Amino acid sequence: MEKDLHLHEKKCLAHEAATQVTSGMILGLGSGSTAKEFIFALAHRIQTESLAVHAIASSQNSYALAKQLAIPLLNPEKFSSLDLTVDGADEVDPQLRMIKGGGGAIFREKILLRAAKRSIILVDESKLVPVLGKFRVPLEISRFGRSAIIEEIRHLGYEGEWRLQDTGDLFITDSSNYIYDIFSPNSYPNPEKDLLKLIQIHGVIEVGFVIEKVEVWSSNSQGLISKKYSV
């Protein structure tokens, strides 16, 4: 029942976000279950309104779904800016700082967020938290020298574990890297400091803290949408 409720919230958010798309836009498609609903809503508008847009997908899963739904896709090596990126998040604090990357696509997701003139993050209200840290923070790690990289991370006081596939093998991202999920018993009241320390480690390719200028749209169980804007 709770799963169905969250799905309803995601669909409401996705359809509202799709109304922000106009012909001629180049869009960034996020990853995860909420971004998936946005891709469906976008495809519906393209099919019913002859909307002319192009998109860049942040993951192979989003790419495959967009292609299946006949959303025109661009070469990810060729774009320089985006009009709008729509994605989800794992946690959002009152300052709209986020933890993202639960699906393992944080490196590509951040590229799309930073390239976009406007970014909309869609979450159900359960993702709004007073302080970040209940959700583990994914680090995208180089496969080369991974054990040495983890030693540096632990030296800074962070504990974690390698993300695994269902087979028990190490999870490999679409960019052919590993994911190391860190956790903190004290949460992250100052994620900017944690982000700066971690990203300076050579071999840490990306960190799942997101501190960008974004709009966060949240929905409650009644389908009411609240919009907040970072400054």
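From the backbone N, Cα and C atoms, a Cβ is placed for every residue, glycine too.
When LYS127, LYS134, LYS193, LYS197 are compared with the substrate site residues SER31, GLY32, SER33, THR34, ASP87, GLY88, ALA89, ASP90, LYS100, GLY101, GLY102, GLY103 in Swiss-Prot, the one appearing in that site is LYS127. Cα-Cα distance from SER31 (substrate binding site) to GLU109 (active site, proton acceptor): 7 Å (rounded to the nearest whole number). Residues within less than 8 Å, Cβ to Cβ, of GLY102 (substrate binding site) and separated from it by at least 6 positions along the same chain comprise GLY32, ASP90, PHE135, PRO138, GLY208. Listed in chain order, the residues near the substrate site other than SER31, GLY32, SER33, THR34, ASP87, GLY88, ALA89, ASP90, LYS100, GLY101, GLY102, GLY103, LYS127 are GLY30, ALA35, GLU109, each with its Cβ within 8 Å of the site Cβ centroid.
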